[in-house]
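Everything on this sheet refers to the single structure shown next.
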Amino acid sequence: MTNLLNNWLIINQFGYDLPEPWQLGLQDAAHPVMEEIIFFHDQVMFILIIIITTVLWLIVKALSGKAYHRYLVDGTLLEIIWTIVPAIILILIAFPSLKLLYLMDEVMDPALTIKAIGHQWYWSYEYSDYQTETLEFDSYMVPTSELNKGDFRLLEVDNRLVVPINTHVRVLVTGADVLHSFAVPALAVKMDAIPGRLNQTGFFIKRPGIFYGQCSEICGANHSFMPIVIEAVSLDKYINWVLSGSDE
């Protein structure tokens, strides 16, 4: 219990966004689309609870009641009701779902473009929007034996993907060898990295923090050992990071 409490304090104090022990809900949203997804999830769960409660009540009432129609074989009004009501419920669920699908695919006028390339078993990133030479680096998982106090096992990397907050970021995703998947739950990002094909996704991070993800496509023996870490910082810190990276 002490370890769980310490992990919870570390996660909340330093702004880390990753799954928590015994977590039942979704991660805190840092991207407007993720906020919409959580809201839609809550709506669907509310509808589901109402349906389950109603059906259970009808079952209990039917089994416990003494009055029943032994020879009732049809009821036009009843059939109309149980056809129309589910149809309306499905429509109410479908329209917000379609809206979210389009929002997740739309990349709005990006101010920054990053290329993420999946390898067996690490990620490489390229920043090519600047007049200087392309800023590129590889990102490997930090082995358990080299973790520092407060680091997270199987989630830490040696080089984080650094982006500015309040900025539309586009990520071009591809694979160098086999299928991979670039996924960061807190940002509602999941895009397949396919060799020979360039896919795109985007996000708009609203607050500083460190956001953890992983490859979400089985890609070989070390599939579980290629995490993704995105560090969102202020624009000034991001510019300093770019300048320091360009000088190296």
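Cβ from N, Cα, C; glycine included.
What Swiss-Prot says about this one:
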BINDING   HIS180, CYS215, CYS219, MET226  Cu cation A1 binding site
TOPO_DOM  1-43  topological domain 'Mitochondrial intermembrane'
TOPO_DOM  66-79  topological domain 'Mitochondrial matrix'
TOPO_DOM  100-248  topological domain 'Mitochondrial intermembrane'
TRANSMEM  44-65  transmembrane segment
TRANSMEM  80-99  transmembrane segment
For the transmembrane segment (44-65), what are the same-chain contacts with Cβ under 8 Å, counting residues 6+ beyond its ends?
89, 92-93
Quiz question: given the binding-site residues CYS215, CYS219, MET226, which has the greatest number of C-beta atoms lying within 10 angstroms of its own C-beta?
CYS215
Reduced DSSP assignment, CYS219 (Cu cation A1 binding site):
coil
In which DSSP state, out of helix, strand and coil, do we find HIS180 (Cu cation A1 binding site)?
strand
Near HIS180 (Cu cation A1 binding site), which residues of its chain come within a Cβ-Cβ distance under 8 Å, counting only those 6 or more away in sequence?
GLY118, HIS119, ASP192, ALA193, CYS215, GLU217, CYS219, MET226
For the Cu cation A1 site given as HIS180, CYS215, CYS219, MET226, which other residues of the same chain have their Cβ within 8 Å of the site's Cβ centre?
GLY118, HIS119, GLN120, TRP121, TRP123, SER181, ALA193, GLN214, SER216, GLU217, GLY220, HIS223
